[in-house]
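What TrEMBL records for this protein:
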COMPBIAS  1-10  compositional bias 'Polar residues'
REGION    1-136  region 'Disordered'
COMPBIAS  22-31  compositional bias 'Basic residues'
COMPBIAS  32-43  compositional bias 'Basic and acidic residues'
COMPBIAS  65-74  compositional bias 'Basic and acidic residues'
COMPBIAS  122-132  compositional bias 'Basic and acidic residues'
TRANSMEM  160-183  transmembrane segment
DOMAIN    160-729  domain 'Major facilitator superfamily (MFS) profile'
TRANSMEM  195-214  transmembrane segment
TRANSMEM  226-243  transmembrane segment
TRANSMEM  249-273  transmembrane segment
TRANSMEM  285-307  transmembrane segment
TRANSMEM  327-346  transmembrane segment
TRANSMEM  439-460  transmembrane segment
TRANSMEM  587-610  transmembrane segment
TRANSMEM  617-636  transmembrane segment
TRANSMEM  642-664  transmembrane segment
TRANSMEM  676-699  transmembrane segment
TRANSMEM  705-725  transmembrane segment
Amino acid sequence: MEDTYNNRTSLAKGAKDMVKEAKRHAAKKVVKAVDRATDEYSSHRNYSRFQDEEDEDEDFYRNPPRQDGERYPDNEEGSSDATEGHDDEDEIYEGEYQGIPSAGDKKHKDGQVALGQPMSDATRDRKGLEEERQADEEELAQQYELIIQECGHGRFQWQLFLVLGLALMSDGVEVFVVGFVLPSAETDMCVPNSSSGWLGSVIYLGMMVGAFFWGGMSDKVGRRQCLLICMSTNGFFAFLSSFVQGYGLFLLCRLFAGFGIGGAVPIVFSFFAEVLSREKRGEHLSWLCMFWMIGEIYASAMAWAIIPHYGWSFSMGSAYQFHSWRVFVVVCALPCVCAVVALTFMPESPRFYLEVGKHDEAWMILKQIHDTNMRARGQPEKVFTVNRIKIPKQLDELVEMESESGNPVSKFFFRIKAEIHGIYLNLMKCFNYPMRENMIRLAIVWFTLSFGYYGLSVWFPDVIKHLQADEYASKVKIYSNERTEDFTFNFTLENQIHKNALFINDKFINMKLKSVTFIDSTFRNCYFDDVTSVGSFFRNCTFIDAFFFNTDIDESKLIDGTEVVNSTFNHNKIGCQMTFDDDYSAYWVYFINFLGTLAVLPGNIVSALLMDKIGRLSMLGGSMVLSGISCFFLWFGTSESMMIFMLCLYNGLSISAWNSLDVVTTESFPTVRRGTGFGFCNALCKLAAVLGNLIFGSLVGITKAIPILMASSVLVGGGLVGLRLPDTRANVLM
């Protein structure tokens, strides 16, 4: 019995040794097979043959050669007593699930080499490793294009299209919220003219920083995760800003809201492009741009429907007032909330997972895309044939570590500093050869197009207001040397000037003063009760024995040497008043903007249909030149109707340039730097918006020639530079 047991033990050990020897030979054969597969894939772009190699490997494992050169006879059940089940070295059960097929699922032992991995990186220089990664990325780009084509274009892409469209719509809404609430918010919060314009600029400052930060972070932690965080940030602070009362707090909330929404554009386009095949990319990215236009239309329609209704408000005393423009701010935050909810049901970009070495996660998402589209086509039986995807060489990065003894706040800021430094280093690679010239040209085109577009569009309501103010001022009524005694004023006075007037024992009760100015007038023993004034002032006037109760008349209205003698102020109203229900001019301003956004619709449809037919660059350069020419003719607009027509023409022509620029920028950067590069360009866009906002705003009340000529010249110049960009229509996503 003991001899029999020893013989069986020896036989089992001998079988294990033969299996190990067979695996060593198999490993060498696998390496040679990978080399042959790589060469064949590079020339034929075929990834299906990997399955044939695996079949050969499995046959080799099942029937390894003996020492005499022949093979063991096949086992009918595909297993043997020596290899079935776990042995002393914890071998895998035959037939046991071994995970998703991966390029790196082989163990490194006894000289074996994992697929796609070199023997050792310790003795290789950084440049060599980067060249190897570059070669891997080029191979992955070709293979990924074939995989996306196999997955097809269908239900999954349209679902993601709608979700990302909501996020892009939120960005469009956020931009136009500023222009629409600017007049009402500054009036409601008693903002002096010296501080006017900061509300329009602070949102772009936040978006500028947010575009650079979130775009860079999306290359490090993922598209979906960054988009969720930045959209949540925007939604929270947008809602909060509608309730704060102080101008400083309102600016702070809008700054953080802009910081959040700033990451939407670079992440949305990067995300969507990575699930599109080459022949679908230009057209469908252009259709995605339409959601930004839908955001414009939504904001314009809501402003037109809500803001002029000053009665849509409530107040808690005179200290807290919630006017209609605050309702408008809340309504404009709804698309952002919907985008956050919908985004939680979508997966991460599979291309991002491949770039960071997460093969299994990427494979699962690609299979999800394939199965979703095949089920929608009525072909649920169609199998996803991809079983191995190329993984680029993963390079180690030196990261400075914070001391474990540091407090949480210092660790947080240290982490932020490290992330920003990493984003900066990634950005600097965008300016390396051979991308340097194209990056500079892209930056110029983004800056010029944004400067002209935002400079005119954001402040266009003020242009209309300026024309209306001139017409309004021409209808002013002037009264001189009037004398009124023992009279009760209980009605509205509007657009009047009273010079050298004398009011004796008069009562001003429950009345409204709108754009009324009293100059060198005297009020003797007068009584003011529940008086509301907007745009009204008392210049060099005298109040003697006057009594004020529940009015908004204070030092800001009593100017130019006005004297108050033996007079009493009780329960003055706090804050600036917005209580005029007959302000029809607001309807007209918002309706004009609504027409301007509708004019974008034809240009958006045309650009989407022709993007792949006439080319990105022709559309980009031609659209910018034509919009610059149309902008020039605004100089000759002397009436509101003429200005409205030219605004619609300008918007309709410029939208094609925006769509083309978004597509070209998305296709110009490799995946590992796409969010960073796009974020930098979008940050330049917002910087140009800030400059255009401030410059055009300071000149619109003085002259319209300089802003219009400036916008026209930069648009034409930027269009000519755009024609020099490389054509990206035939590019695969690197």
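Yeah, the Cβs are placed from backbone N, Cα and C, and that goes for glycine too.
Since we're looking at a predicted model, the values are computed, not measured.
Highest Cβ contact count with the transmembrane segment (285-307) among the listed stretches 160-183, 617-636, 642-664 falls to 160-183 (criterion: pairs under 8 Å). Same-chain residues lying 6+ beyond the ends of the transmembrane segment (160-183) with a Cβ under 8 Å from its Cβ atoms: 199-200, 203, 207, 227, 231, 234, 238, 254, 257-258, 261, 264-265, 267-268, 271-272, 275, 284, 287-296, 298-300, 303, 307, 325, 328-329, 332, 335-336, 338-339, 342-343, 345-346, 454, 457-461, 465, 590, 593. Mean model confidence for the domain 'Major facilitator superfamily (MFS) profile' (160-729) is a pLDDT of 83. Note: the stretches the transmembrane segment (249-273) and the transmembrane segment (676-699) are in contact (3+ CB pairs below 8 A, sequence gap of 6 or more). Just going by CB pairs under 8 A, the stretch in 587-610, 642-664, 676-699, 705-725 that sits most against the transmembrane segment (617-636) is 705-725. Sequence-distant contacts of the transmembrane segment (705-725) (same chain, six or more residues past either end, CB-CB distance under 8 Å): 438, 441-442, 444-445, 447-449, 451-452, 455-456, 617-618, 620-625, 627-629, 631-632, 634-635, 654, 657, 661, 664, 668, 692, 695-696, 699.
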